[in-house]
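Participant: Structure incoming, see below.
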Amino acid sequence: MHKNKNDKISVAPEEWFEDVKSEEDSEKDHERSPKAKRMKYCLVIFLLVFGIIGTVIGIIVTRNKRCKVENKEELGNGVCNSDYNTEVCKWDGGDCVEFNKNVEKYPDCFVSKRWNESGLFDSRWGNGKCHSNYNTEVCGWDLGDCELYNSLVNCPGYINPKLIGDGICHNYDDYNTEECGFDGGDCIEFNKYPDCNVPNGGYIGDGYCNNYGEYNTEACGFDGGDCVEFNEKYPNCSVSYSSWIYDDPHRIGDGRCNGREYNTEACGFDGGDCKEFNEKYPNCNLENPARIGDDRCDGGEYNTEACGFDGGDCIEFNEKYRNCDVNDHPYFVGDGYCFDWGYYYTEECGFDGGDCKEFKEKYPDCYVDNPHRIGNSRCDGRAFNTEQCGFDGGDCTYFNEKYPDCYVNSPDLIGNGRCDGGEYNTEQCGFDGGDCVEFNEKYPDCDVDDPDLILGNGRCDGGVYNIETCGFDGGDCAEFNKKFPDCDVDDPYRIGNGSCDDRGDQYITEACGFDGGDCTEFNEKYPNCNAYTPTRIGDGYCHGREYNTEACGFDGGDCTEFNEKYPDCDVYSPEDIGNGRCDGGEYNTEACGFDGGDCTEFNEMYPDCDVLSPEDIGDGYCHGREYNTEACGFDGGDCTEFNEKYPDCNVDYAFRIGNGRCDGKEYNTEACGFDGGDCTEFNEKYPDCDVLSPEDIGDGYCKNWGEYNTEACGFDGGDCVEFNEKYPDCNVDYAFRIGNGQCDGEEYNTEACGFDGGDCS
């Protein structure tokens, strides 16, 4: 026994010492035994293992409590994302805190109910704009967004609340009236121009010259000053919002060459932007010259000699696919996506430039519009989910195992948490994957579409919704039905909304309380007025025909000034008189002041030219028939070159001659150079085929109407060969619908047509 020199030794009785000693010895003997050692080691190992397991469990639990997001930037970005509206995501980084408070504050609002019951989030609630559906006490008057609108107690009910005070002056219907606070204050600045009658006052003085209607007029301050500089520089340039694309003067001189009416002398050849283009391609007249030489082959009129074969972009394509006739999008050929329809999937186009090779080897009998959706991990229904298409490339395997007899357009809607009605809510589809179980228990005989979105949403919907089996629209129509028990209309919520609805919609009847009283004042004022839309009476715009009659108070006084000026002018739209654009026909008459002076210059230039649209004269396109006459200056000179080339060709749209696409009938004649050479190859192949659209021959779809499916047309260029062999007595127009995965009724669902190619079996 070792002792420290500093230890103090106390004397004790000897027997005590012996007892202690014997006890220590016995403990040492126990520790030295093999069994004790094993127990000690086992205890240490047990504690180590237990500690490791505890640590792992702790890590797993911690990880499961982490917020899983695809993009961390979406957290706390100011927008409430319902997917992250959880405690572990700290209520979307705080973005959803306010929404959750509102749900708790307004539990009876249909937005709150949807969130609590189905997790459906609605971002429109309290988004700064007043929405009529949310403008109820239980929804906090759209969380206060409707405060301004509700303060305007005399503003008609048909006015859209979200447009009031949205920062844009709406100068139509009754927005810009004292009752509506001059559009919630938005029109105060605009009203500086009291004689300016344009629908959108927000365009006045917005920095852009709007050169259409009455914007660019003295009454409107030449668009609030926006058009002053333009008018001085290009007094005869008439670009406007008149065509199908949005033309506007500020594109003049914007550094980009805009074609057609921009690229004219009157518009300074687009303010000089087209100078270089015109020098290079003097005979290339396109809508969008910027597409020339953009490294992408555009077809049609772009891929012509006059336009340098799209500025060289189509040279390689033309060499490779000399006979590939895809006018719209040649760049689709060989772009990596298989288009197995139309002109692309043909031998001439290399079966879409090889894009369809692998697909067609795998699914030779699969015909769908978007083959790239096959095998994209999402189950697409109908034609995709067929044996020919490998059941959507295997995407529908699990779905088909679960619902083998469920045939719907969008299988992904099955079991998405929302009850989708119709074909989804069937036994074969598991009653929408269980989503409709609760609904069916409540309304077992209610067969409607989108029951979750419409039934019990706080608005009375009519038709099949407002019936006993659907709980009268989930209770939404209870009050309406008490008030108007015999009023059967599609949209009951329009009854008594402050707007006198159109005639012919059954709203203006005694059973519906004359639109819930909305038409009472109108009927008292104009008892014999049969105008279809009563709200147009007295809306500030002069409407013609049945509106501009004594019975309708000459459109509620709106046409008084017009009638004083043009007492014998009876046109559908008096507002078009004097709008800066020359309208033909009945507008360009002495009684209408030759369209309020708009046609004066045109008439001086072409006094005997009587066309419906004088604006088309000299627009850069050669229009045929009555436009291409001596009286009309041969379409203002647009047809001079055409007439020299084809003096006896009389067609409606002369600009289609030689546009790279074969047009049939009167275009494909000797007088028209067989469509300017566009039909040469077609005629060699099918000399006796006379169809309206030769381009549709051999496009991959069997057209079983007219002369397409005839021997003279190669049985639609071969598209109908297989169909004719399979269904020789099937007489339907759209043969490609046979066997497309969707059951088409009537003549398709017959024995001769194989019961729609098996789709209706």
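Quick reminder: no glycine exception, Cβ is built from N, Cα and C everywhere.
The annotation domain 'LNR' is assigned in TrEMBL to 194-228, 230-275, 277-315, 359-397, 399-437, 480-520, 522-560, 562-600, 611-640, 642-680, 691-721, 723-761 (among others). Per TrEMBL, transmembrane segment is recorded for 41-61.
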Participant: On the 0 to 100 scale, where does the mean pLDDT of the domain 'LNR' (480-520) fall?
Facilitator: 86
Participant: Contact between the domain 'LNR' (399-437) and the domain 'LNR' (723-761) is defined here as three or more C-beta pairs under 8 Å separated by at least 6 residues; is that satisfied?
Facilitator: no
Participant: Under an 8 Å Cβ to Cβ limit, what residues of the same chain, 6 or more beyond the ends of the domain 'LNR' (359-397), are close to it?
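Facilitator: Residues 337-341, 351, 407-412, 736, 740-742.
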Participant: For the domain 'LNR' (277-315), jot down how many residues DSSP puts in helix, in strand and in coil.
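Facilitator: Residue counts for the domain 'LNR' (277-315) by secondary structure: 18 helix, 0 strand, 21 coil.
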Participant: Could you give me the DSSP helix, strand and coil counts for the domain 'LNR' (194-228)?
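Facilitator: DSSP classes over the domain 'LNR' (194-228) add up to 11 helix, 1 strand, 23 coil.
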Participant: Are there residues at least 6 beyond the ends of the domain 'LNR' (562-600) whose Cβ is under 8 Å from a Cβ of it, and what are they?
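Facilitator: For the domain 'LNR' (562-600), the list is 197, 211-214, 216-217, 238, 240, 242, 541-545, 548, 554, 610-615.
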Participant: Just to be sure I understand, if DSSP states are collapsed into helix, strand and coil, how many residues of the domain 'LNR' (359-397) fall in each?
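Facilitator: For that range the per-state counts are 15 helix, 0 strand, 24 coil.
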